[in-house]
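Read the structure below first, then the notes.
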Amino acid sequence: MLQRLLTLLALLMVLLFPVAAAHAGGESESPAPSPSSEPAPRPDGPYVTVRLVDKDNDDAPVAGVTLTVVSEAGEEIASAPTDADGRIIVPIPALGVYTVTLDEATLPDGIELSSSVESEIEVRAILDGANGGLFPIGTQEVTTVSFAERFVTSLTSGIKFGLIVALAALGLSLIFGTTGLTNFAHGELITFGAIMTYVFNRGLGLPVILAGAAAVLVSALFGWVQERGLWRPLRKRGTGLIAMMIVSIGFALLLRNVYQYTIGSSRKSLSQYVSQARTDYGPISLADKELAIIVIASVTIVIACVLLLKTRLGKAMRAVSDNPALSASSGMRVDGVIASVWILGTALTGLSGVLLAINSQVNFLMGFKLLLLVFAAVTLGGLGTIWGALFGSMVIGIMVEVGPLFGVPSSIKEVGALVVLILVLLIRPQGILGRRERIG
Amino acid sequence: MTTTPQQRTAPAVQAARPHPQAITSLVLGVAGLTLTAGITSPFAWWKGQQALAAIKDAPDQYRGRALAQIGRVLGILGTVLLVVWLVLGFATDVLPVDVGQVFKTALNQALGPNAIVYALAAIGLNIHFGYTGLLNFGQAGFMAVGAYGLAVSVVILETPFWLGIVAALVAPVVLALVLGFPTLRLRADYLAIATIATAEILRLAFGSVELKDAFGGSNGLTGYASAYQDLNPYGGPLDLGFVEFSQRDLWSVTVGWTLVGLSLLLVWGLMRSPWGRVLRSIREDEDAVRSLGKNVFAYKMQALILGGVFGGLAGLFLALKQASVVPADYSTNITFFAYTALLIGGAARVLGPLAGAVIFWFLIAGLGSFFGQATSGPDPLMPTFIMDDTQASLVRFIVTGLGLMLLMIFRPQGIFGDRREIAIDGR
C-alpha cells in the first residue's frame, strides 16, 4: 500500500511539473508531444488529469480509450475518451481521492490488456488546480478473431454471469414467493457475501476458498437474523407489503452506507486468484477461476433445485409459497418454513457475491448495481417461480454479454436487459414461465 | 390478490406484548447516544415516560417495562449530554465544533434551493403514492427528462429558452404515457420495478459515451441558463444572520419557493375536487371505483402524468439553479430521498412534501456539518480510528436509511399525516 502510494506520489510530481510550468506561463501552449493534438482547455477549479500510457510499448500514449473518474463516494464524475496525447482532463467538485477506471471495450482494435495490470488507478486530488496521474497499462496484441470466436467468448462469459445472477435471483424469488416481499435490499445481500469474503480473506488471512465458504455461512446467519429481528416482527405487526418494501429500501440505504463506512469506496482485490492466465478448451478459453465459478454455481443451483423438489422441507417451502393459509391449516409451521427460506435464500445470494468477488473485485456498490438485473431476470422468468428465475437469469446474463456484439453500446450493455424487462411487462407481464394469477 | 402472509399469522387473541413505545424509546435512546448526537434523546425520554405510564395502567396487556426503563434512562443521559454540548458549543470555544455554524448550515440548506428540488419532487410523489397509491420509484427519471428537456432543446437544438421550458414540461408527460401504458394495469410492485428500471435506463443512456453528441455524456450539458440568470433582479447577496444566500441562490430561492407555493395550491385545489376524491378512492379500493363506472386506468394515467410533471419541474429547477445537467445527479438515490422527505412530512397531506423536504434537508445538512467539523482540524472531536472525514459524510445517509425504516415501521403517516389516509397494503 505504502509503496503504491509512494509510486503514485512520484508519478504525480513528475506530472505536475509540466502542468505547473504551463500555468506559470499564463495561457501558453501546454507541452504536447504530439503536434496534432489540440491542447484541451484547462478548467478553472481543481481538476484531475490522467495520462494513459502503454508501458509495454515505450510508454506511448493510448488515445481514444474511455476513462471514467469516480469520486470516493462512488459517484461517477465524468467519463471521457483520451485525446491523442492519451490524456483526459476532468473538473472535480471537491478535493479528495478519485478512482479512474478504464473501459476495456474501448481499447483500440487488436489490443487487449495483459492481465497482469489492474484497470484502475487512484488519483489524490490535493491541489486547487491540476491533479495529475499516470495510468500505465500493459497491452498485448490479440490476433484478430472471427465473429464466431468472439460470439463463443461472450456467450461463455454470459453463461458465467448468468449463473451468478441466477444464484441471487433464486434467493430473491424464494423470499418473494414465500413472504411476498419485494426486497430492495437484495443487492446489499450480494455485497454482503463479497465483503465477508474480503474480510475473512484479507482481515483474518484465510485462503480465498475457506473465506468464501465462511462468507456463505455468515450470509445464511445474516438472513436468519434479519428474518427474526426485522421481517418477522413486521409481519406480526401486520405491516403491509408495500410498507415492507419501503422498509427494505431504507435497509438497503443503511447497509450500503455502512459498507462504505467500513471498507471505503475503492475496489479491493482478494489475495488469491486475482489474475490468471486463460487455458484453451477447444474454442473456449477460460481461466481456472472462471471454470470453477461456472462449476460451483451450476452444482449449487442443481442441489438447491433437488432440495426444493425432493425433500420435505422443499415441499413445505413450495406449499407455503403456493398457498400460505392452506399450509398453515394443514399443520405446517409457516414461520419455521419462512425462516428456512430466508436462510437458504441469503446463503445462495451470499454465494453469488462470493463468486462475483472472486471473478473481479469487491466494492460496496457491486450488489446494488446488480439488483436491477436480478429484478429483470426474475420478472422475465415470472416473479416467484424457481424455473422462471433460472431461465430469466440465463437470458439476462447472456444478453448483457453478447449484446455488444450486435451493436448494443458496450458502455451501457446493462440497458438492453432493462429494456427487455419493460417489454416483457408490456407483452407478458406474468413472465415467460409465470402464471397469470400472480400479477393481480 | 391472494392471501398475504401477515393475515394468516395474526394471533387470534391479543397476547401480552411489549408496548410499542417502549421499543421506540429504546431505539431513540440508543440512536441518541450514537448516531444522532443527542438530538433524539429528549424524544426517547418522552416516549419512555409514556410507555411506562401505559404499562402501569394495563400491566396484563403490555410487557416491556425493562425496555422502557432502559430507553428512558438512555434518553435522560443523552439529553444531559445534548444540553452540555449545546451550552459548551454556543457559549465557549472548548468544543472544536461551532454549533452556531452547524445550525446556520442546516437552516441554509433547509430553506435553500436543494430543499426546493426535493419539495417539488415529493409533491409529485405525493400525487402518485400519497393520493393514488401508485408506487413510482422512478421519479429520478421524470426529473432527468425535465432537466434534459430544457438543456437539449437550448444547447443542442438551439431553440429559444422559453421553448426549452415547454419541452421540459412536455417530456415528463411523454415519459408518463410511455411508462403508464404497460404498467398501470399491473400490481404495485411491478410498477415499482418498471419505473426504477426506466429511470436507470434514462440515466445510463444520458451518460453514455455513444450518445455524447446528443446528451453531453457524463459531463452533461451546460450553457442554457443565461436567460434565467439574466432575469435575476437582485443586486447582491442576502445575509440575515441566521441564513445567507448568494445573489444567484437568492434568485433561485425566490423562483423556487414561488413554484412550490403555486404547486401546493394546485394540489390543494385538485384534491378537494371530485377528481381528487376519485384518486383517493382508487387508492382505497380500486374495484369499488371500477364498479361505479369510473375508468380507473385513465385516472391513474392522469395522476401519473400530473405527478410526473411535478417531477419534471423539480428536474428543471435543479437544472436552472446549478446551471448544468449531469446524469449522476439523477440516480436512484434522489428518488428514495424524495420518498423519505415525503414520508417525514406525511403522505396524502398537501403540506407534507414541503414540511418533509425542509426537515429532511435541515437534518441532512446539520448532521453533515456537525460530523464534518467533528472530524476535521488538527485535534478532531471524533478520534480518527472511529471516523475520518470521508466516513463523516456517510453518517447522514446511514441515519437516512435507518430513519426511513423506523418511520415506515412506527409512523408511516409521518409527522403531519393521518394514519387512516395511508393504510397502504399489498395491492
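Quick reminder: no glycine exception, Cβ is built from N, Cα and C everywhere.
TrEMBL entries are annotated by machine, without manual review.
Because the structure is a prediction, the values reported are computed rather than measured.
Residues annotated as compositional bias 'Pro residues' in TrEMBL: A:32-44.
Annotation source TrEMBL lists region 'Disordered' at A:25-45.
Annotation source TrEMBL lists signal peptide at A:1-24.
The feature transmembrane segment is assigned by TrEMBL to A:161-184 (among others).
Per TrEMBL, transmembrane segment is recorded for A:204-226 (among others). A Cβ distance under 8 Å defines the sequence-distant neighbours of the transmembrane segment (A:204-226), meaning residues of its chain 6+ beyond its ends; these are 189, 192-194, 196-198, 270-273, 339, 342-347, 349-351, 353-355, 357-358.
Within its own chain, the transmembrane segment (A:238-259) has Cβ neighbours under 8 Å at 180-185, 187-188, 191-192, 195, 230-231, 364-365, 368, counting only residues six or more beyond its boundaries. Per TrEMBL, transmembrane segment is recorded for A:238-259 (among others).
If you look up TrEMBL, you'll see A:291-309 (among others) marked as transmembrane segment.
Outside the transmembrane segment (A:337-358) by six or more residues, the chain places 164-168, 170-172, 174-175, 177-179, 186, 189-198, 208, 212, 215-220, 222-224, 226-228, 231-232, 270, 273, 289, 292-293, 296-297, 300, 304, 307, 313, 316-317, 320, 327, 366-367, 370 with a CB less than 8 A from a CB of the stretch. The transmembrane segment annotation in TrEMBL covers A:337-358 (among others).
Within the chain, the transmembrane segment (A:370-400) has long-range Cβ neighbours (under 8 A, six or more residues past its boundaries) at 155, 158-166, 168-170, 172-174, 176-177, 184, 186-187, 190, 301, 305, 308, 321, 356, 413-414, 416-418, 420-421, 424-425, 430-435, 438. Under the heading transmembrane segment, TrEMBL lists A:370-400 (among others).
Residues or ranges marked as transmembrane segment in TrEMBL: A:406-427 (among others).
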Problem - Remote residues contacting the transmembrane segment (A:161-184) - C-beta distance under 8 A, at least 6 residues beyond either end - result: 190, 231, 235, 241, 244-245, 248-249, 251-252, 293-294, 297-298, 300-301, 304, 317, 320-321, 324, 337-338, 341-342, 344-349, 351-353, 355-356, 359, 370-371, 373-375, 377-378, 381, 383-386, 388-390, 392-398, 400-401
